[in-house]
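Per Swiss-Prot, the features are as follows:
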ACT_SITE  Asp131  active site, proton acceptor
BINDING   Ile18, Gly19, Glu20, Gly21, Ser22, Phe23, Gly24, Val25, Ile26, Lys41  ATP binding site
COMPBIAS  332-345  compositional bias 'Polar residues'
COMPBIAS  346-355  compositional bias 'Basic and acidic residues'
COMPBIAS  360-397  compositional bias 'Polar residues'
COMPBIAS  401-412  compositional bias 'Basic and acidic residues'
MOD_RES   Ser329  phosphoserine
Amino acid sequence: MSGQNNVVGVHYKVGRRIGEGSFGVIFEGTNLLNNQQVAIKFEPRRSDAPQLRDEYRTYKLLAGCTGIPNVYYFGQEGLHNILVIDLLGPSLEDLLDLCGRKFSVKTVAMAAKQMLARVQSIHEKSLVYRDIKPDNFLIGRPNSKNANMIYVVDFGMVKFYRDPVTKQHIPYREKKNLSGTARYMSINTHLGREQSRRDDLEALGHVFMYFLRGSLPWQGLKAATNKQKYERIGEKKQSTPLRELCAGFPEEFYKYMHYARNLAFDATPDYDYLQGLFSKVLERLNTTEDENFDWNLLNNGKGWQSLKSRNAETENQRSSKPPAPKLESKSPALQNHASTQNVVSKRSDYEKPFAEPHLNSASDSAEPNQNSLPNPPTETKATTTVPDRSGLATNQPAPVDVHDSSEERVTREQVQNATKETEAPKKKKSFWASILSCCSGSNEDT
């Protein structure tokens, strides 16, 4: 198809931009074969921290798990890698904004049960997520059968905590660089300890308390450097008693946090016990999982989407005949990737669950047809942006974990029984003119 039609991956038409992150940009798209709406993620092929190939393989490994988006395509278009997945609704962070920066106990308990189930599914596939945050949990599309299902997305930081075949757990290690989002990461992660299932659970607990309280005690801390800021956040987490953190809320949230923080490094969590805690919260409220989340009760019961209808109408008018997407256009509804900040956005091969040697063949390094790419993007090195609500923001090159060069990682061959590769072959020419600039950094305050 011609470049003027904005078609990638043979039959995916690119629409408006709906988000961005340290990897690149996300666009809404349409499968021209069945008119299905999809999300199309772009990242520069020569990025310092390419992740879409690994993310594709993770989606394939998790295929069939409840609350995991379907993945449809991975391939290359000109100067970019692209990944096509299900188009979903807004993130829990977006919905928190709409609900006045706090959720009710009922909503948090219902959301917690779903979020915990998603993390359990990831753990059962021998993976740890390592970047738990509200921005990475999205609800389904409005008016769909799964509109109230909570999905987990963005698997750029996942890692095997055990061999998927032998089930042997990775060894305990220290002196690890931080990986994840400082606001929510576990205390052990701050202390440089290898992450395992317990750390995902503790980070989830921090998210639950963030939803209930509206903020966490370690937000808004200032320091001269990012490193010092992360240290201050870790110190504040350690010095804040759990009773104080959970004060004013049902006892079950304290029990959850106490359980997560006292798990052994290689212990298998009792997910049923944790699910039972939130079931007890709902029982005490004399309610059930009726899917009446706070965001569905907005605007006299019309729901969150009614608050966006005016903006959506404007967007539809602008995109009735969509031109080539432009980076400066923004979606008012889906900014989940624009509001996230990972402490580590670049990983060495041994930190990647499906690591393989970088391709150096002529076909991989060859420049695409410049006739089809009149405006190639400018390549820039990845940086990490750490703003806070006071307006302070600092940029610095994203740190690289250098402490695990001898770590034995799980290879791609070890999971061939779990998933089969169906990646699209590389194309020598792009179907359309490149419309992206290399995005670097993101902007979650810690």
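Glycine is no exception: its Cβ is also placed from the backbone N, Cα and C atoms.
Positions of the features from Swiss-Prot, shown on the structure.
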| residue | record | DSSP (3 states) |
| --- | --- | --- |
| Ile18 | ATP binding site | strand |
| Gly24 | ATP binding site | coil |
| Asp131 | active site, proton acceptor | coil |
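Each of the binding-site residues Ile18, Ile26 was scored by the number of other CB atoms within 10 Å of its CB, and the largest score is that of Ile18. In this structure the alpha carbons, written CA, of Glu20 (ATP binding site) and Asp131 (active site, proton acceptor) are 16 Å apart. The two recorded residues Gly24 (ATP binding site) and the residue listed as 'active site, proton acceptor' have their Cα atoms spaced 18 Å from each other. Asp131 (active site, proton acceptor) is 21 Å away from Ile18 (ATP binding site) when you measure Cα to Cα.
Here the recorded positions are Glu20, Asp131, and the one whose Cβ sees the fewest other Cβ atoms within 10 Å is Asp131. Asp131 (active site, proton acceptor) and Ile26 (ATP binding site) have their C-alpha atoms 19 Å apart, to the nearest angstrom. The Cβ neighbour count for Gly24 (ATP binding site), using a 10 Å radius over every protein chain in view, is 26.
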